[in-house]
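Taken verbatim from Swiss-Prot:
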SITE      ARG16  site 'Transition state stabilizer'
SITE      LYS23  site 'Transition state stabilizer'
SITE      ARG155  site 'Positions MEP for the nucleophilic attack'
SITE      LYS211  site 'Positions MEP for the nucleophilic attack'
Amino acid sequence: MSKNSVIIVAAGKGKRMNSSISKQFLQIKNKPILYYTLNKFSTHESIDEIVLVTLEDKIEVCSEIIDKYSINKVSKIVPGGKERQDSVYNGLKAVSKDCEVVLIHDAARPFVTSDIIENGIRYANQYGAAACGIIPKDTIKIKNEKGFAIDTPNREDLFIAQTPQCFNYNIILDCHEKLKKHNKKVTDDTMVLEDYGKSVYLYEGSYSNIKITTPEDLILGEQILEKLT
């Protein structure tokens with residue numbers, strides 16, 4: 001029977017947080033951010049397996065969090081790579097061989113909703129690849145190399161990508177292997193498919209589905225958690 005697997009990418013060092021502690025291990029309401037992220041997927045009925053990718057020297061810390069909070073469905077904890085795309089590739093190689101749909105999600109994005117997860121799986125099955133996100137609230141400017149505004153794109157045509165990004169497993173694995181062979185750099189997994197001519201369906205995420213990367217995000221995260229609970 002085919003599985004829906006999720007790769008949680010927790011290999012970042014969190015330089016923008018100005019903290020010696022990696023952002024995924026910082027706490028909101030006395031629990032690490034990683035707990036909230038893992039718990040959201042482990043309690044979702046459509047998720048069969050979690051593969052956690054982290055820094056090699058943080059594997060033990062992650063194991064302790066999983067044990068302390070009795071997180072289910074984590075099949076493996078694997079070390080990350082030099083870049084995010086290397087970490088994702090390590091995760092892809094570690095998922096179960098009967099995986100059909102794989103979701104790739106930032107560990108520092110703890111407020112993903114059940115609907116976002118479910119819709120991602122549905123659209124990945126339908127289109128082969130899907131990513132959630134939001135239309136920007138602010139006006140976006142394009143500037144030239146001298147710092148002057150040269151264009152103002154229509155906000156309705158713009159999309160701020162979030163995670164999870166959801167894929168047919170064989171498609172994303174094949175594209176990552178090509179990426180590695182050609183030594184290309186990308187900043188998210190939809191770019192991996194775009195580089196090889198594959199289409200990605202974009203669907204509605206949530207303005208609360210923030211990635212916690214700065215001290216200000218921690219404050220906002222506490223406010224979001226209070227509203228959710």
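Sequential numbering from 1, following the chain as shown.
Cβ coordinates are placed from backbone N, Cα and C, and glycine is handled just like the others.
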Site of maximum Cβ density within 10 Å, from recorded sites LYS23, ARG155, LYS211: LYS23
Spatial separation of LYS23 (site 'Transition state stabilizer') from ARG155 (site 'Positions MEP for the nucleophilic attack') - C-alpha basis, Å: 30
Rounded Cα-Cα span from LYS211 (site 'Positions MEP for the nucleophilic attack') to LYS23 (site 'Transition state stabilizer'), Å: 10
For ARG155 (site 'Positions MEP for the nucleophilic attack'), the three-state class that DSSP assigns: helix
Three-state secondary structure, which DSSP defines for LYS211 (site 'Positions MEP for the nucleophilic attack'): coil
